[in-house]
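What TrEMBL lists as transmembrane segment is 38-56, 68-89, 101-118, 130-147, 159-176, 183-200, 206-223, 230-251, 316-344, 356-372. Feature annotation from TrEMBL assigns domain 'O-antigen ligase-related' to 190-331. If you look up TrEMBL, you'll see 407-432 marked as region 'Disordered'.
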Amino acid sequence: MYPHRRLSTLHLLGLFAFTALALNDDHFILGVGSFKLSPFDVLFVAILAVKALRLAEPAAYALPRGALGMLLGMQVLSVVYLLLVSLHHPGIESGDVARDLRIVFYFLSVPFLCYKDIDSPAAYAVLQKYIVAACLAVATLMLLEQLQGFSVANPLRNVRLGVWAIPFGVVSLLYFRKTLNVSGPKAYALTVYMLLALVFSLNRSQYLQLMVSVLLAVMLASGPEIRRRVVLIFAPAAVAGVLVFASIGYLDVLSNRIFSVERLDEDSSYGARIQEMQGQMDSFAESPVFGKGAGFRSWVMGENGFELSTFAHNSWAFYLMKFGIVGTVMIMLPPLLILLLSLARRYTHPGLELHRRYLLATAPIYIFIDSLSGGLAYAPKTAFTGFLLCYCLSLIRNARAMPVPTPAPASAAPSPRPDTARRRSSRVLPHA
């Protein structure tokens, strides 16, 4: 007889993150009425289907204890609350309600649906491979677009590609090169390849994210090897990058993009965002406790006479307007506690500790920057956030379930010269 093999969501979770980062394109989106389904939406449904099939197993009804049980209880309360307050809102279309709840449920529910399947070093290696593969796919698509339509006068930007994951891929190659089975020269080439794509993205937030993530990765490294690799990779890459971009006239584009943050008041789109955020905060002031409800839209008039939808590039304005103070606290508290409980403590298991340091260097700065922009109101980014929170949640579980490896005992073979350790070099005392 063949042993029963349990259905796992591990690869579905990896593909969920991969498609949210690399395949968020109109070519892969399926319209269903007023609602649009992306590949990661289909994979989320597949994860739910696998969990439903596993309800036949007795272990499916075993509730976690301790911190995991508390987090699961808070997550269930948050989901139930959001469903109840979103049942009836006159004047709001059902498609808009579903779209907003989808944004929230990805980072609320995905961690608790999949964390049990990340149960071994091999499972963590699978997650790392999906992260690096997604980053390489994003970099390839970004560079292909540049090859097709490169222009210094009108630089290309594709905000739908998941360039926000490239700092994760860079740190993965620093920390898990052996796990990924990548040689030193190949890791260097892949890192430079991803950095090149990130530079062409012209995304200031991700430049800051990369800088902070690499700096934290160096500070959290247990030995000098990571610091040596960072110097060997970034020093020549920076010099070569300056020379190459200067030769093609792209250095001025980069400097204008980076330093234009000082002249945002002259940008018409920035003024429109300010108007939009003011409109959202005015709506929040009308219903500060419970918000206007999921699916609510606030319309304001832009500077040039066009209407803007509710996307002010600030996640907090988005959540406060729609869910109020109570809803925002209930939504954000479980993810915040997952980050604190999983990353604020050291693990005795060396593998888990390495993953903790990796996530500590990359995940908090990513989520923080996204919360100040519109990232937590954008489904592909909340899908990737759910993937990261699942990664963190698995550390809490495996800290108790995964046995700590014991060091191998010293060899009992006798030394060929047992008196070597006791031998001392003779000292010649000078004559008086």
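Just so you know, glycine gets a Cβ as well, placed from its N, Cα and C.
If you look at the transmembrane segment (316-344), the same-chain residues 6 or more away from its ends with a CB under 8 A from one of its CBs are 67, 70-71, 74-75, 77-78, 81-82, 85, 100, 104, 107-108, 111, 277, 280-281, 283-284, 287-296, 298, 310, 356, 359-360, 363-364, 367, 371-372, 374, 376-377, 385, 389, 392-393, 395-396.
In summary, the transmembrane segment (206-223) does not lie against the transmembrane segment (130-147): fewer than three C-beta pairs, each 6 or more positions apart in sequence, are under 8 Å. Away from its own ends, the transmembrane segment (130-147) comes close to residues 14-15, 17-18, 21-22, 156, 158, 161-163, 165-166, 168-170, 172-173, 180, 190, 193-194, 196-198, 200-201 of its chain (Cβ-Cβ under 8 Å, at least six residues beyond either end).
Scored on C-beta pairs under 8 angstroms, the neighbour of the transmembrane segment (38-56) with the top count among 101-118, 159-176, 230-251 is 101-118.
Beyond the transmembrane segment (159-176), the same-chain residues lying 6 or more positions past its ends with a Cβ under 8 Å from any Cβ of the stretch are 20-22, 24-25, 125, 128, 131-132, 134-136, 138-139, 141-142, 182, 187, 190-191, 194-195, 197-198, 201, 203, 205-206, 209-210, 213-214, 217, 221, 226, 229-230, 354, 357-358, 361-362, 366, 370, 375, 380-381, 384.
When pLDDT is averaged over the domain 'O-antigen ligase-related' (190-331), the result is 77.
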